[in-house]
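Asks: Positions annotated as active site by Swiss-Prot, on the basis of sequence analysis: Asp44, Glu114. Look at Swiss-Prot and you will find Glu40, Asp111, Glu114 tagged as Mg(2+) binding site. Feature annotation from Swiss-Prot assigns domain 'RNase III' to 5-125. Per Swiss-Prot, domain 'DRBM' is recorded for 153-223.
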Amino acid sequence: MVPEYSRFYNILGYNFKDYTLLIRALTHRSKTKKNYERLEFLGDSVLSFVIAEVLYKQFTDLAEGKLSQLRSKLVKGTTLAQLASSLKMDEYIILGASEQGGHKREKILEDVFEAVIGAIYLDSDFATVKKVILKWYQPIISSINLDTIKVKDSKSKLQEILLQNALSLPEYSIETIDGKDHEQQFTVVAMSKDLNLRVKAQGTSRKKAEQKAAEKMIEMLSQQGLHEKK
């Protein structure tokens, strides 16, 4: 164990065998090309699957759409930044000169949180990283009350994000309708003129296609650091 990381290992609840993986997970691209971005990509997928599985098993009567919305709430934005801070990740982030003072930035905290998950997965195995993730998330998941929680649909959430950032609302239009009457496939385009964004999605109804397009745009906004403010 590297002495300066022994406290951090205790907070995480995991001891790295290859501490260089942790170093990379904490290193921002402003510091070096050997940064956390690839680990973030991996950790994002691992986290999404683990949370999807636990929600599927815990909320057996919840429909697919609501499960997706609840998962999105748990694996994006403020939730990740808060978890990263609670695990003291902000104290160990390695930044270049151009990003000094960015340890508390929500987007950086989100990215590092996912990167650390990716690093733990590579350093161990899926069962181990799953156990670690569930330990971190246990207080959040155990406090979920479906009677009081309000999970917004993607279009409502997108509208809220844009309004909170003084941006015009998106416009939806049908590009094509393919297939026979009983098995039609709708292709919908969602546009944000202020952000010059255009996304396309498909669904078996106009409503479903619009929801999917809104979800894609939310993901793009998240990558730009725009999230729903609580």
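Cβ atoms are placed via backbone N, Cα and C, with glycine included.
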Asks: Just to verify a number: CA distance, Glu40 (Mg(2+) binding site) to Glu114 (active site), in angstrom, no decimals.
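Replies: Spelling it out, the Cα of Glu40 (Mg(2+) binding site) and the Cα of Glu114 (active site) are 5 Å apart.
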Asks: Whole-number Å only: compute the distance from the Cα of Asp111 (Mg(2+) binding site) to the Cα of Asp44 (active site).
Replies: 9
Asks: Write out how many residues of the domain 'DRBM' (153-223) are helix, how many strand and how many coil, based on DSSP.
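Replies: Within the domain 'DRBM' (153-223) the tally stands at 32 helix, 23 strand, 16 coil.
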Asks: Among the recorded positions listed here, Glu40, Asp44, Glu114, which has the most company in the form of other Cβ atoms within 10 Å of its Cβ?
Replies: Glu114
Asks: Over all shown protein chains, what is the count of other CB atoms within 10 A of the CB belonging to Asp111 (Mg(2+) binding site)?
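Replies: Summing over all protein chains shown, Asp111 (Mg(2+) binding site) has 27 other Cβ atoms within 10 Å.
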Asks: Enumerate the residues of the same chain, Glu40, Asp111, Glu114 excluded, that satisfy the criterion Cβ within 8 A of the mean position of the Cβ atoms of the recorded Mg(2+) site; list them in sequence order.
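Replies: The answer, listed by sequence position, is Tyr36, Glu37, Leu39, Phe41, Gly43, Asp44, Glu110, Val112, Phe113, Ala115, Gly118.
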